[in-house]
Amino acid sequence: MTELLKLSAAELGAAIASGETSAVEATQAYLDRIAEVDGQIHAFLHVAADKALEQARAVDARRAAGEKLGPLAGVPVAHKDVFTTKDMPTTAASKILEGWQSPYDATVTERLRDAGLVILGKTNLDEFAMGSSTENSAYGPTRNPWDTDRVPGGSSGGSSAAVAAFEAPLATGTDTGGSIRQPAAVCGLVGAKPTYGTSSRYGLIAFASSLDTPGPIARNVLDAALLHEAFSGHDPRDSTSVNEPVPPVVEAARRADVSGMRIGVVKELSGEGYQPGVMQRFTEAVELFESLGAKIVEVSCPSFTAALAAYYLIAPSECSSNLARFDAMRYGLRVGDDGTRSADEVMALTRAQGFGPEVKRRIILGTYALSSGYYDAYYGSAQKVRTLIKRDFEAAFQQADVLVSPTTPTTAFRLGERIDDPMAMYLADLCTIPTNLAGNAALSVPCGLAPEDNMPVGLHIMAPTLADDRAYQAGAAVEAALRDKWGGDLLSQCAYAV
């Protein structure tokens, strides 16, 4: 069974389709792996073993009936616990939703089921996707499989840890300020933020509606592309959904060629203040692009220096509005409802006990930024910076086909190291936030281990809106070249590799 864990998602899907193995065998192999190691990693909040095997049997029955299966039919997937699932709990890693089960599936969930993927369960995250370390979960932190004393990044840390520990070949995540790319980078994985509006938010528990983007986490670029295509596309139930063809990311991942491509190195997203080992691996990756026939150009995006400040006004402002729905009246936790208290008192008690410290911090910050007398000075100014960032991206993409930077300024930090220092925590998303504010596409691919701590470093590849395929094409090219250089995948060096 261990041999099945070593297969890529594409290879596993092909093996199931050909009858070389079965969906049940693949699912059981991953369920056994979860039982073996998740006590140490804590990637999952809920494992749906019986339901997963039931889904797997249905895929095998379809094949036995002669039906042609899709490329990921029967392949297990771990699902971030912010996507609603009608047959298992959805908590957003918050006490306020403990035990709650949605009456409907999110579009991402629905499309994965339709594509025949087997949902193993729901993964841990920072509460309501607010955080960069998965330490803000009400159900305890997830640990990085490369070093269990370190964080797996966040907020999609459970999904990244599950894939890195070979508890799942694929996982879903959400990216609001870097919450897919950052954990993928520090866990030695591939993670993508699709163009905003190309992957549906219907059934996604909202953090910041103008920023939240579902995306894939995988062990290689092709696997990420296959998952990306499986759940993307227009959805009339999401008012922000883009009615455009899904960028051909699978085709681009298979092309894996950067000859003649213009690669723009963003001046403002590297250099001073970055961990030396991160900069070393990033510089080597840029040189590798050049050796593969790409043209390297330096680009400047001055507004990016204000991106972090703008994001931490815009995102909390939207969160303060979105989380108002958790009012102790309709669903979720209800505290103090003994008949002696008013509805307002019950609501206040419920929120006080149901929301964690980081969520409360962001609600307060957002409410202040939107308050009378401060709206223009804070939220209004942040939106103006957002416009400048979009313009800087547009200008940069006149000079380059894709832009690159490190994915994170440092490798994974130690558990507890930044939990009491919000500003230090927020800096983990320094390189990824501009892409969310602009809405364009980005991909993180592993580019080596930092010499100081032997922890993974991510290469961040940014592409224009609806040109996700460019990022995948460049990412696949550098991935193939590095695989040749290393003599295999970087993940084979992980402490939890099989």
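Cβ atoms here come from the backbone N, Cα and C positions, even for glycine.
Fair warning: this is a prediction, and the values are worked out from it, not measured in the lab.
Swiss-Prot lists Lys80, Ser155 with the feature active site, charge relay system. Per Swiss-Prot, the feature active site, acyl-ester intermediate maps to Ser179; the stated evidence is sequence analysis. What Swiss-Prot records for 132-159 is region 'Disordered'.
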Tertiary contacts of the region 'Disordered' (132-159), as residues 6+ beyond its ends and Cβ separation under 8 Å: 40-45, 78-81, 91, 93-95, 98, 123-126, 165, 168, 171-176, 178-180, 182-188, 191, 217, 356-359, 408, 412-416, 418-419, 425-426, 428-429, 453-456, 494-496
Set of same-chain residues at least 6 away whose C-beta sits under 8 angstroms from the residue listed as 'active site, acyl-ester intermediate': Asp126, Ala129, Ser132, Gly154, Ser155, Ser156, Gly173, Asp429
Secondary structure at Ser155 (active site, charge relay system), reduced by DSSP to three states: coil
